Each structure stands twice: as C-alpha cells, then as structure tokens.
Amino acid sequence: MQADSQTLIHRIDVGLAERSYPIHIGRQLNSELPLLLSNLPQQVCIITNATIAAHYLAPLQAALPSDRTVLVHAIADGEHAKSLTSYAEIMDTLIAAGFNRDCALLALGGGVVGDLAGFVAATYQRGVDFYQFPTTLLAQVDSSVGGKTAVNHPGGKNLIGAFYQPKAVFIYTDCLNTLSSRDFACGLAEVVKYGVIYDAEFFSWLEQNQAQLLARDPETLAYAIKRSCEIKAEIVAADEREQGLRALLNLGHTFGHAIEAEYYHSWRHGEAVAVGTVIAAHYMRLQEQFTESDYQRIVRLLKNLGLPTQAPALDELKWQQRMQRDKKVKSGRMRFILPTRIGHAEMRTITDWSAIWQAISAVTEHTD
Ligand SMILES: NC(=O)c1ccc[n+]([C@@H]2O[C@H](COP(=O)([O-])OP(=O)(O)OC[C@H]3O[C@@H](n4cnc5c(N)ncnc54)[C@H](O)[C@@H]3O)[C@@H](O)[C@H]2O)c1
Ligand SMILES: [Zn+2]
C-alpha cells in the first residue's frame, strides 16, 4: 500500500553505551529520511559504486538536507575494490575537497562499500561520522551491523581494519528488488544462520514463510531483516570485540572459508556458508549430538531458498590447510561453532581431524 510504503516499519537499537545507534527499517527511501538526517554535518560524502548509484543515488541525494555540501565518490564494482588503493583514493577525494573532522560519510551499497567506507570513516582525521545505507540483503542483515570495518590485502581478506560503529543504519527493503537472485540467496544464508544459532522460533518462521521471502514480499523481508538485526545487535552488544559469544556468528564459516578460498571465482560467501552450516550440523549428527530431523530441516530450508548444500570436491590436505588458517584456531587447535539443536550453538575445540573429515566427505558432491 502506498501509505504504508511511506512509513518506517521498524526501529532497532544497538546498545553499546555511548556508541549506541539505531537501525531504521523501511520500505523505500522515504519522506521521513530528511527528518532523520537533519543533524548531518555540513560536509557529506556518499561512497557507492556505479551499479548501485544508477538505482539509489538520486533518491538518497534528494533526501539529504538541501544546504549541505555533498560529494559522491564511486568505487569499482566487486570485492577487489575493497582495497588499500580505493581507501587511498577516497582519502584523496576528502582531502582535496577540504573535508574537516566534522564531516559525515554515507555508505550506499553492499558489504564491500560498507566495509571500505567504514574503515575510511574510522581513520579519516582519527574518525568521522558514518552512516550506512546497505543495499544487499547480506549487508542489511549482517555487515552493516556490528561495527567491523576492513579492506583486503593481497595476503588475505579483511586483514586491515577497525571496529567502528556507525551513527545510524537505514535499511530499505525495496532496494532488494534490483538485487540478483544469487546475491539475494547469499543474504538468506546468513538469515538462516541466525535461526540455527539463536532462535528456533525464527527458524520455523523462515520455513513457513519461504515462498513470501523468495517473492521478496516487503513485509516478510522487513520482519526477516528486523529479527536478524535484533539477534546480531544482541550478540554484538554482549561481546563487541568477539571474545566469546560473537564467535557464534561464524557458524559454517570455518568450513565455508576453505571453499571460498579455493573456489573464489565460482563460489560466493553465502553459498559457502550454507554448505559450511550443513557440514557443521552433519558433524554433530555423526557425534549423535544433533537429530536427524533437525539436520534434514536445515538442508531442506537452505535448498528451498536456492542455496547449495553440498561441498565441491576438494583434497583432504587442502581442507586441512585452509581451515588451519581460520581466525578461531588458537595454539594450533581447531575451534568450530557447532549446533546442538536448531536455535542453539556452541564453540568446541576438536582435535580429531578424522571425525571432521568424515563430516566433510559425507557432504561432498560426488561426480563419479
Ligand atoms: N563487516 C562485517 O561484519 C561483514 C560481515 C559479512 C560480510 N562482510 C563483507 O561484505 C562483503 C560482501 O558483501 P555483499 O555480499 O553485499 O557484496 P557486494 O557489496 O559486492 O555486493 C554484491 C553485488 O551486488 C551489487 N549490488 C549491491 N546492491 C545492489 C542492489 N540493491 N541492486 C543491484 N545490485 C546491487 C554490487 O554492486 C555487487 O556487484 C565482503 O567483502 C565481506 O567480507 C562484512
Ligand atoms: Zn558471513
């Protein structure tokens, strides 16, 4: 309905003491935005890329208070743009325009734009105001919440970065209408993850609403995004710097990173996480600590949402090497996030590689 599309549907507060901030979830860049952005400083720089700008730059610019100096800096499209080179180029833009400490950076885009713009905001003049306008589902439910910012280095992903919280996050579900189905599915993998690690009821809701989700029904999307952000916000508020609880968000990621690293041309992060989640659940099932029916529910939901549930063929040694590099490895011991039932997961150290390998092989696609 037209009237509804003009109003904000949800607001969530991320509780981090003096760095607390709101996440606004609405349908489209709307009439309330000028009000919400009325405190913006005089100098504003929007960071985006051409793909996203074609759809959403004009509405965002139109929503900004008209007396502000607004710069637009577009980076290249793709993960390779999350680099020190792009970082330096944005710094050049800001310095050339004489932006001072009292300026604001607005990230309009997916996780690449958000992570990069956030790292620039964290370090330009020792930190300036930062606002996120995430336009991919992954960015809306995951990367725009929690304050991790970074750029990649040829030696690895996200190696250079900082924890830096935005002033506010603005999420619009209509932005997802232009997103490819593959990118959309990748975001859903992270949404399913929240159900598996934290909220059995949400997992059931996802099962019941999968058709509406896939149809990108705005209200269904708004609820899925809201619940995902609430869960992430709760976890981040309890453990901002990943000393414990926050590690749960890495369910499926240790396995997923191995696939992503080996198959970076053909596998997306969310797809690898979906398969990693299946491997983690299968491992627990082999240990008789996870039920067959819960395992089947996870596989079925991921499949129905358009995600892969089988790993590509990969050598045992390659798997082992890749997983040894995971950030959760402490003193050479591999630590995994493992579900004990739908709605609950724990971090466990596993020393028996053969048990892990058994789970990986069982979930690997056999082409012969
Ligand atoms: N900071 C964190 O906590 C965190 C968490 C998860 C992932 N990440 C990072 O996020 C990045 C991945 O983010 P992503 O999946 O959003 O990828 P992305 O930013 O590359 O976006 C995916 C593609 O969709 C395009 N796009 C974006 N919005 C669109 C829209 N509304 N319509 C049409 N096309 C659109 C982009 O141009 C790009 O081609 C990775 O670098 C990852 O490391 C960070
Ligand atoms: Zn992820």
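Just so it is clear, glycine is given a Cβ too, placed from its N, Cα and C backbone atoms.
Annotations in TrEMBL come from automatic prediction, not curation.
Because the structure is a prediction, the values reported are computed rather than measured.
The annotation in TrEMBL ties E190, H269 to Zn(2+), and of the candidates under consideration, H153, H253, the one tied to the same site is H253. Cα separation, G114 (NAD(+) binding site) to H269 (Zn(2+) binding site), rounded: 16 Å. H253 (Zn(2+) binding site) is 26 Å away from C175 (NAD(+) binding site) when you measure Cα to Cα. Spatially close to G111 (NAD(+) binding site) yet at least six residues away along the chain are P134, T136, L138, A139, D142, S143, S144, judged by Cβ distances under 8 angstroms. With a CB cut-off of under 6 A applied against ligand 1, the binding-site residues H80, C175, E190, H253 are reduced to C175. Neighbour density for G114 (NAD(+) binding site): within 10 A of its CB lie 31 other CB atoms from the protein chains shown.
Candidate binding-site residues: E190, H253, H269. Nearest to H80 (NAD(+) binding site) by Cα distance: H269.
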